[in-house]
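Annotation comment: TrEMBL describes 1-32 as region 'Disordered'. What TrEMBL lists as transmembrane segment is 69-87, 99-121, 133-156, 168-187, 216-233, 253-269, 309-330, 350-370.
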Amino acid sequence: AAIRRPSDSGSGLDGYQSLSSRTNTELKKKNKSKDKFEFDENNAQIFRLKLDEGHLQTRLFYNDYHNSFVFSFVGISCLLLYKYLGYKQDSGVLANGDLIPIIFGFIGLIKAFSSLAKISFEKSGSKRSEKQFSAIFGVLGFILGIIICSGIGPLVFDFHFDSIEGSWRIFVSILMGFIAGSLYMPAGKNARSFWLGTDQLRCNLSIISCGWFSRLILYANYILTVFTALLWINPFVEILSFVSFSRSEFTRFRLLCLLLSGVLQIVSLRSNLQMFLNEAVLSWYQRLHASKVPDLDFSRAKVFLHNHYLCLAVVQFFAPSVSLLLFVGLSQIDTNSFDKYNLVKEVAVFMAWWIVFIWAVITSASLVFYRRGILYVF
C-alpha cells in the first residue's frame, strides 16, 4: 500500500510527499478549513495489494504449503484412480491396489495436520488470545468427542460408534480435539474474509472490493458448509426424511455435499487470500482517515505482517479443505484386505463431517460477533 500526494516541487520524489514534510503554514490552513474531511481520489490514493503467485515462493512457510500441496495432490489422485479405474477383489493387498491409496491418503492427512500444528505455534503469526482460544476449543472438542462416542451422541448426531472399543474412542476424541483447536484460527480468518469480501461493512471501497463471481463463490461456500454440517444432526435428518429419500440415496447425497464443500473451499482459496491482504489495506485506510494527522505505524506493521505471513494463511485455508477431501476419499475404499476397515470408513466420514461442522460453527459465530459489534476488523 502507498499514499500518493501530488506536489509541485521539483524534488526527486516525483509527486510523493510524506505527511511530516508539510510546512506549518499548510497545516494551519488545513485546520482553518471549514470543508468536511473526505477521501479525495485525486489528492490521496491507496493502492490495492494484489495477490501475486510469484511472491509466495519468497514467503515464510512456503515449503510447508508446497509439501502439503504435493502430498495431498498425490493422495487425492491415488484415491480417484482407485475409485474410477476399478480394482480386482480377492487378489491380495498388492495386486488389487488397496494399500497404495490408503498409504498416500494417510500421508497427505499427516502432512496437512502437521503443517497446521506447526503454524499454530508460530509466535508472531497470531495473537496470544487466538492461541488461548485454540487451546480452549481443543479441550471442548475432546469433551464433545467423548460425548459423541458414548451413548449420548446418537441422540443428537446421526453417528453410531457401538463397534468402537474404548481405546479407539479415546483416540477419536483426541483427534477431534486436535482438529477443533487447529481450525479455530483458520475459520476465524475465513469469517473475516467473508465479512470483507461480501462487503458487510457497506464501505463500497474499490481498494478492498471483490468481484461478483468471487462474492458468489464466498456465499456458496458458506451456505453449503452450514447446510452440510446440518445433514448429520438428527432433527434436520428427520425433516429431510420426508423428501422421499431412501437411506442409500441420502447417504450418497451427504457424501456429495461433503465433497462439494471441500471443492468450494479450494475454489475460494484465492478470494480468501486476497481478502486477507485487503484486511491490511482496510486498516491503513481506517487509520489514514481517523484523524487529520494519522499515525500509520500500526498499519505499516500490519501490511508487512500480512505480506510476510501470506503462506501461513495459505496453509490455514488449504489444509482443512484437502483434509476433508482425503477423509471422503478414504471412506470410499471398499476392501476386505484389512480387518475392521469398515470401522475406518465410518471414522473417516465422521472426521470429514467434523471438519465441516467446526468450520461452520466458528465462522457463523464470528460473523454474528462482527454483526453485533463485539468483534471488528481493524
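Please read every residue number as a count from 1 along the shown chain.
Every residue gets a Cβ built from N, Cα and C, even glycine.
A TrEMBL annotation is a machine prediction, not a hand-curated record.
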- Query: What parts of the chain pack near the transmembrane segment (309-330), using Cβ distances under 8 Å and only residues at least 6 beyond its ends?
  - Reply: 55-56, 59-62, 64-65, 68-69, 72, 75-76, 79-80, 83, 101-102, 105-106, 108-109, 112-113, 115-116, 119, 122, 125, 183, 185-186, 189-190, 255, 258-259, 261-263, 265-266, 269, 272-273, 276-277, 344-345, 348-349, 351-352, 355-356, 359
- Query: To the transmembrane segment (253-269), which of 133-156, 168-187, 216-233 is linked by the most Cβ pairs under 8 Å?
  - Reply: 216-233
